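The next block holds one structure in the form of structure tokens; read it before the comments.
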Amino acid sequence: MIQVLLVTICLAAFPYQGSSIILESGNVNDYEVVYPRKVTALPKGAVQQKYEDAMQYEFKVNGEPVVLHLEKNKGLFSKDYSEIHYSPDGRRITTHPLVEDHCYYRGHIRNDADSTASISACNGLKGHFKLQGEMYLIEPMKMSYSEAHAVYKYGNVEKEDEAPKMCGVTQNWESYEPIKKASQLIVSTEFQRYMEIVIVVDHSMVKKYNGDSDKIKAWVYEMINTITESYSYLYIDIILSGLEIWSEKDLINVETSAENTLKSFGEWRAKDLIHRISHDNAQLLTATDFDGPTIGLAYVASMCDPKRSVGVVQDHSSVNRLVAITLAHEMAHNLGVRHDEGSCSCGSGYTCIMSPVINSEVIKYFSDCSYIQCREYISKENPPCILNKPLRTDTVSTPVSGNELLEAGKDYD
């Protein structure tokens, strides 16, 4: 027998339309105030977790009721996930936090087969969902006395900077010829791959977020949760193996030149990071404003290479999804994916992830071209580091090392 626990998050049962508001994502024009109602089904006698494996929320969008179904992203963290920061005297401190009961979810809207959702439920609902072909953002409103949330379309966020933003990769590498049509590629479970990544946050990010490591972590977790949704189309699982925060100073010279920073980061990874944390790919997240319109750069077709399986990404927007898409873009270059051209498509009217320019349009998915190029790169090169399937965090019955602290010079097995 199933007992249904109905939790009314707010007594208000009606939405409210607003014209302008300042939210975490920036100034938003034309938003809707909603009061989600949580409906959770628990088996009789089951222990209530802080964050259930599956949850449902009911609210209204444009006056129509919707049911948001969420399932915990259990593959988000590796079983030996670690976090690293540095003490004022330069000691490296490594922790292995318990991440089994995290608050990051993927999901869909009930009765909308084409819907998707990527949501943080840590403090209210924050993230995005696609409903009837439209991308909506949702986040709690800054009112301590209420559980009100704002729902709005991405296009209603006032742009921070109208200047075009671009990936620094140029189209000067060899393509895999001939390019097949998507229908000619055979898809089976043998094509599933698993990319364990480490995110390195530089000191400019620490300054940008006023030294608030919890805020930095939440920002990164939300990004990774978003890109796991995007990469499922390419049959690639993205798993976060580690998060390193350069809390006191940068360990490389982070320059406004994206090219120089990428080179330095790759060299540092090969001589340092790769020996401390098991991972396949590393990305540097920086608040440094790269020269010109560049907001990201990565080596192409370089997966598993110690120096070149890396990218650098500028934290260029207050909209988490936009930075996450930039991260997904640079990682795809490592997987042999090129910039989209005019014939590439990810749905009518949509801008695709591998567009060389980020503009005001909603960026949705990888294109058909990206799918083909990724599959052909994997088929031809078969990068070995992404073949092994890591254990998920929910398979670990006890913590590996609890919250063990390690100083510089001590290794973790």
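Note: Cβ is positioned from N, Cα and C throughout, glycine not excepted.
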From D112, D114, D280, D289, the one annotated by Swiss-Prot with E196, C385, N388 for Ca(2+): D280
Record Swiss-Prot, residue C346, disulfide partner from C352, C369: C352
Sparsest Cβ surroundings (other CB atoms within 10 Å) among the binding-site residues E196, H333, N388: N388
Euclidean distance between Cα atoms of H339 (Zn(2+) binding site) and E330 (active site), Å: 10
CB-centroid shell, 8 A cutoff, Ca(2+) site E196, D280, C385, N388, site residues removed: Y194, M195, S278, H279, N281, C304, I386, L387, P390
Cβ-centroid neighbours of Zn(2+) site H329, H333, H339, 8 Å, sequence order: C167, V169, G296, A298, E330, A332, V337, R338, I353, M354, P356
H333 (Zn(2+) binding site) versus C385 (Ca(2+) binding site) - Cα distance in angstrom: 16
